[in-house]
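K.L.:
The structure is given below, and queries will be raised subsequently.
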Amino acid sequence: MAAVLEVEIGGEAVREAAGEEMDLSELAPEERWRVEHARMHAKHRGHEAMHAEMVLILIATLVVAQLLLVQWKQRHQRSYNMVTLFQMWIVPVYFTVKLHWWRFLGIWIVFSIITAYITYKATRKPLLQTTPRLVYKWFLLLYKMSYATGIVGYIAVMFTLFGLNLLFRIKPEDAMDFGISLLFYGLYYGVLGRDFAELCADYMASTIGFYSASGMPTKHLSDSVCAVCGQQIFVDVNEEGIIENTYRLSCNHVFHEFCIRGWCIVGKKQTCPYCKEKVDLKRMFSNPWERPHVMYGQLLDWLRYLVAWQPVIIGLVQGINYCLGLE
């Protein structure tokens with residue numbers, strides 16, 4: 001059956017019969033999209049029942065996959081976290097190369113090189129005394145940069161939606177692309193940085209000996225020693241430090257500011273590194289403007305599922321549809 005497409009381009013009707021091919025390279029991007037959109041509608045005309053089956057397959061696969069992921073995380077959390085981290089790191093690269101997003105690929109390579117070096121330093125035995133602070137400072141810097149980038153991207157998107165970009169004579173599509181790109185950079189590297197920080201935090205703390213993931217501490221903690229980095233504490237809790245302050249948790253253990261902030265926020269640790277007591281973040285962070293980035297960290301946890309597992313689930317659904325002859 002011969003299908004005919006009619007697309008208005010430049011005031012003239014372009015008719016394409018089913019055995020004829022149009023040279024889309026000569027058309028403008030908007031006109032090319034309109035032709036491809038019309039072709040898609042002509043191809044799928046009369047497939048309503050088939051599309052309903054595909055929607056049911058998608059919903060069923062999402063539900064089953066979610067249940068399996070929850071059970072996997074509850075029963076074998078360590079393997080789940082490692083696989084999720086690997087997918088978070090690798091999956092976007094496939095789409096980057098496929099779509100020729102070379103800027104993202106360049107940033108990803110720089111991030112991977114630095115993070116690989118930091119992770120290498122964190123997994124060495126014996127652990128150097130300067131390594132924990134180096135690790136935490138890098139991931140704190142990465143966390144703050146990703147947080148700021150995400151906020152700027154969100155503001156750019158909101159400005160575009162309210163039409164404020166016209167005040168600066170910026171096209172809406174350019175402003176929206178800029179905002180969404182910054183928002184993606186901030187969220188992606190925020191999630192990836194937190195996962196690598198948790199991996200390094202667990203390994204370093206267990207290497208130092210004060211913290212054990214499943215047992216009692218293997219060393220005695222002195223009142224003047226930080227349980228995260230193992231170095232001496234010179235600033236009293238009530239004193240104002242020149243470089244950093246000293247924090248006392250609700251369990252009365254004291255830590256360097258950078259160490260405990262990295263432990264609680266960057267590494268998603270909500271317990272004391274020494275006694276595993278629940279940490280009161282509201283009491284720890286006295287400044288009101290310092291509390292929102294804890295909720296921001298919870299947002300990143302939700303996005304981890306979308307970036308790491310959603311492409312896998314969609315690929316599985318497409319495989320099922322292909323085997324059943326659905327399109």
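Any Cβ shown, glycine's included, is placed from N, Cα and C.
For 50-70, 79-96, 99-119, 148-168, 173-193, the entry in Swiss-Prot reads transmembrane segment. Residues or ranges marked as zinc finger in Swiss-Prot (evidence: sequence analysis): 226-276.
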K.L.:
Which sequence positions outside the transmembrane segment (173-193), separated from its termini by at least 6 residues, show Cβ-Cβ distances below 8 Å to it?
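P.N.:
Residues 85, 88-89, 92, 104, 107, 111, 115, 139, 142-143, 145-160, 165, 266, 296, 299-301, 303-304, 307.
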K.L.:
Can you give the mean pLDDT for the zinc finger (226-276), rounded to a whole number?
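P.N.:
Mean pLDDT for the zinc finger (226-276): 74.
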K.L.:
For the zinc finger (226-276), give the DSSP counts of helix residues, strand residues and coil residues.
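P.N.:
So the counts come to 10 helix, 8 strand, 33 coil.
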